[in-house]
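Q: My questions will all concern the structure given below.
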Amino acid sequence: MPATEKDLAEDAPWKKIQQNTFTRWCNEHLKCVSKRIANLQTDLSDGLRLIALLEVLSQKKMHRKHNQRPTFRQMQLENVSVALEFLDRENIKLVSIDSKAIVDGNLKLILGLIWTLILHYSISMPMWDEEEDEEAKKQTPKQRLLGWIQNKLPQLPITNFSRDWQSGRALGALVDSCAPGLCPDWDSWDASKPVNNAREAMQQADDWLGIPQVITPEEIVDPNVDEHSVMTYLSQFPKAKLKPGAPLRPKLNPKKARAYGPGIEPTGNMVKKRAEFTVETRSAGQGEVLVYVEDPAGHQEEAKVTANNDKNRTFSVWYVPEVTGTHKVTVLFAGQHIAKSPFEVYVDKSQGDASKVTAQGPGLEPSGNIACRAVGRGLQPKGVRVKETADFKVYTKGAGSGELKVIVKGPKGEERVKQKDLGDGVYGFEYYPTVPGTYTVTITWGGQNIGRSPFEVKVGTECGNQKVRAWGPGLEGGVVGKSADFVVEAIGDDVGTLGFSVEGPSQAKIECDDKGDGSCDVRYWPQEAGEYAVHVLCNSEDIRLSPFMADIREAPQDFHPDRVKARGPGLEKTGVAVNKPAEFTVDAKLGGKAPLRVQVQDNEGCPVEASVKDNGNGTYSCSYVPRKPVKHTAMVSWGGVSIPNSPFRVNVGAGSHPNKVKVYGPGVAKTGLKAHEPTYFTVDCTEAGQGDVSIGIKCAPGVVGPAEADIDFDIIRNDNDTFTVKYTPRGAGSYTIMVLFADQATPTSPIRVKVEPSHDASKVKAEGPGLSRTGVELGKPTHFTVNAKAAGKGKLDVQFSGTAKGEAVRDVDIIDHHDNTYTVKYTPIQQGPVGVNVTYGGDPIPKSPFSVGVSPSLDLSKIKVSGLGEKVDVGKDQEFTVKSKGAGGQGKVASKIVGPSGASVPCKVEPGLGADNSVVRFVPREEGSYEVEVTYDGVPVPGSPFPLEAVPPTKPSKVKAFGPGLQGGSAGSPARFTIDTKGAGTGGLGLTVEGPCEAQLECLDNGDGTCSVSYVPTEPGDYNINILFADTHIPGSPFKAHVVPCFDASKVKCSGPGLERATAGEAGQFHVDCSSAGSAELTIEIRSEAGLPAEVHIQDHGDGTHTITYIPLCPGSYTVTIKYGGQPVHDHLLAPFPSREE
């Protein structure tokens, strides 16, 4: 079908969606008056729902009365006309829509009417946010709605009311725009799931914005949806109000935050100069801004952040770089990186004044102390804590002769310092701070301060409970240009925020690799030899023993740690057992000359001793013995540098002890097992250590076949190192169960069990239509059930046999319900007796084999139901006939009748006159709707259930008609009478007036069982008035009515002196008698010869007589013209009137 034809078809998808949408829109407004539209095409035909809808929408009443019980079509047309007249008065223009179209159910025009109402009341009338904009007032309703939505959703390209809404995401965006936080994550919705997206948005709008779903989620994303339907739904949003208690969720999208300003520019920032920038978070949601600045040496400081509390939710940030080089500025919003973070900022030298720089100090004197140097943790500016030994070394070799003196002063004064001569001009010093504060370490050689002396050390408070620990070769030393590695491990679950910095002779790049198991590998690359302070921070504070002092040396010749390999079971992730040596080999043949070091530590922080044996051929045999079944970490370093793949993480198991495996449960009991009954047993490995469980179950020859056979089983691992093994013995006999642990037999294996037979076929019952001697039809599926609950476990088998050659049945299906009951389905394909042999566990069940009589197949299309009308009289005997000739089957007719109250109505099914006929008899006792269900061999016949309406018996004789209009009237005047139908039952009322002309007829239902009727005969004569009730004349019908002319001017009588003479200036008077002339208008005209009128007064006495008074103004002849109903009565020529003086 071409697209144009398809779109115009009556069943076009868009039309159905539009009809559904418009119907729901109407019902939403009709709720408040307890009315509802089920079918938009038919439910407006009587005008009542249409009038109710207009009164709700306009908040006004109709301008004139309408029929509350529009029984007749004329009344329905009148009601719809009332509604359309109301719309015309409201200046709502309708095109090509009249009352007949609505009453006749013209769906196209009805949809047009409803769309006009939606445009006027939902889209045009509401006062929207931009109403003050004169340009907006000039727009069409569609433009206004689209403009409002575009203003709400500037981030989305909404240009239409169809395809732009089909992913469902735009709905989520609109809901969130009207109520921020209701659908905050709409932009992350999966566009491939439009129905889910639309359902989420529309349900939130329904629940919390009060926007009813006049269109369904499936319809709004349908490619066939029309714009009118979408606009109808979206037009509800402009005045939506958020309900209290809505589940608003803050929208968080850190990537929508942005930073700008010189402080994050790649160039242009100077050392010691304040660097500033701004972070804007308006589109990112609610959250705090944190900024960290890391200098080239890895030192990290927190920048100053100030909230500006403006509409764009901006934050002002500044920091002061202390050194030159590339800085990393990390900007976090709600703990996550914003767009483009971290920023790389190069800090240049400050442009100072070299003429103002001076240099002085003992290091510049001829007898300086440049050869002396001091290094160590106890001299670091930060990191040392109270109650920790602070140590350092002083190197004096090459400094000549002199006295070495060290003084440490703290908050309490001079501290005790321990000194030890380590030889070769090296001295070790220790002090033990007990109170936090600033300590000064002064080191002199020959009375002069050595380089950097005095040292200022800030001692922190005592370490609390540690959340992390760090260890590894990179914290002790390393080689220039090679990575220095160490491990950081969590202690407990709450780790906090980790940080690292390395201070020393050169910058050192740092990398951290989170292993996802509570530990991370950290590496840094020193570029110059010397001592480096490695700070490991947790929540911005040094951990215990931090900073770690690493002695970085120049790389020796022929040094290749990257060529050293380590392998062996002791380094594998699994397979290592507790209290057993874990061995591995290190191959350093290509690594050059350097010392090998192996460090092993368990995840509780306990070091494990490792032995290293030099094999003399460039390889080393290494081993360690784990004492706890926990994760161990091994770090292998060559010359202080970690080798490839180090550190190695090893999960240590508890060892393997098959002799401690326990097997128990009913499945391994010596007695009590029954064939075909599921059983189980437990394998308990809680004390057996590490190892895999293997199970094998076999049955002896003869159980399920001539040879032994494997039995299927399920093994379930439990959380407590036990296993549940489930299996079902397939027959009676001997079984052998093997249980292995770590490939070794457990103490009780093999386990031999005896399985007893489990069934008693004599206790099996089979029943159902499929075993009936009659009632089974050829080619029609049937079934029966087998109940073996009391018979134990056995195999059910069913065999079928027929009298003819070939298969007797097909589609046999035995359904096991797993409760020892079964359903057997089959379709007979042979007519006549069919044998059904049912066995259980190989034994026949009672009554087996069953003999089933198969009859010809059923053809319900041959069933005919006659005599069942749509309406019947209450209290009268009713009957209908069911003809089944040629229908086949067993020929059993049944009927069930349900009355208006839901109760069953007694009915009888009796044989009819013919062999294939049945008669159903019943008596409806109450008024209302009935359902008549008719079945044939238990199957509903075509059309069943049949609807039936029981109405009170119609009694036209009870109808009364009365009123003057039934006897006659006057031509041109309404003739009225009344019809009283009370007590006459239900029936249609028919009215016709036959006579000399077609009289206009009007009928008004008074709502009390009476109708007021009027007709207007335009010509005199005899008329017949026919009044029929239920197509039967009521008593007196047809009524004879004589219509006379409305007046007779010849019967008007005039008298009085004023018709003969009068005096100028004085009142003249005469009388006109119209009482015998009928009803008409009396007109009097009196004029002089010159055409001047005299003033005339007519006094109506109410009985058909009139008094006429006039005053001639001047003497002369006057003409008096008298007309009745426009017809002349008399022309009188008055004599010349004398004046008063005459």
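Placement of Cβ uses the backbone N, Cα and C atoms for every residue, glycine included.
Curation does not apply to TrEMBL; its annotations are automatic.
Quantities reported herein were computed from a predicted structural model and do not represent experimental measurements.
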Q: In TrEMBL, which of 244-267, 292-315, 556-579 is tagged region 'Disordered'?
A: 244-267
Q: Among 119-140, 603-624, 757-778, 955-976, indicate the range for which TrEMBL gives the feature region 'Disordered'.
A: 757-778
Q: Quickly jot the same-chain residues contacting the region 'Disordered' (244-267) by Cβ under 8 Å, restricted to those at least six beyond its ends, or write none.
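A: Sequence-remote neighbours of the region 'Disordered' (244-267) are 176, 179-182, 184-185, 187, 207-208, 275-281, 283-287, 289, 317-319, 329, 331-334, 336-341, 343-346, 348.
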Q: DSSP on the repeat 'Filamin' (756-854): how many residues come out helix, how many strand, how many coil?
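A: The counts are 6 helix, 53 strand, 40 coil.
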Q: Looking only at the repeat 'Filamin' (951-1043), what is the model's average confidence as pLDDT?
A: 86
